[in-house]
Amino acid sequence: GLELSHCVGTNSLGPTVPWRSRGPCKMKRVRTVFKPEQLERLEKEFLKQQYMVGTERVDLAATLHLTETQVKVWFQNRRIKWRKQSMEQKAAKLSQFGVIQPATADSTDVKDPEEDTVDVEL
């Protein structure tokens, strides 16, 4: 099972809502802290394969004294980190050769004012 901590406030941002205040309190899951030996083994397995499924995941979880869910989530998070690192390395290589990166959604591009106008016949 998952370790749970204290009750999370049911309605800290506004007035009390009767149907929410009577129910059982929601428990907040405590973040898993992996031991260095567990992380070393997880990283070693990730280098072999980025997806751990089925009996392999069950066996690894048992070996490391973790739940199957903890191993599954670790692999999910590690794949996200791996993709992010790959994208950053690719961007660094492109910028090294002077290739301009396409604009991202959070950049402030100069927009053509005519883009938003619509011609309407009267």
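Cβ atoms are placed via backbone N, Cα and C, with glycine included.
Nobody curates TrEMBL annotations by hand; they come from automatic prediction.
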Quick check on the annotations: TrEMBL lists region 'Disordered' for one of 83-102, 103-122. Which range is it? 103-122
Counting by DSSP, what is the helix, strand and coil composition of the domain 'Homeobox' (25-85)? 42 helix, 4 strand, 15 coil
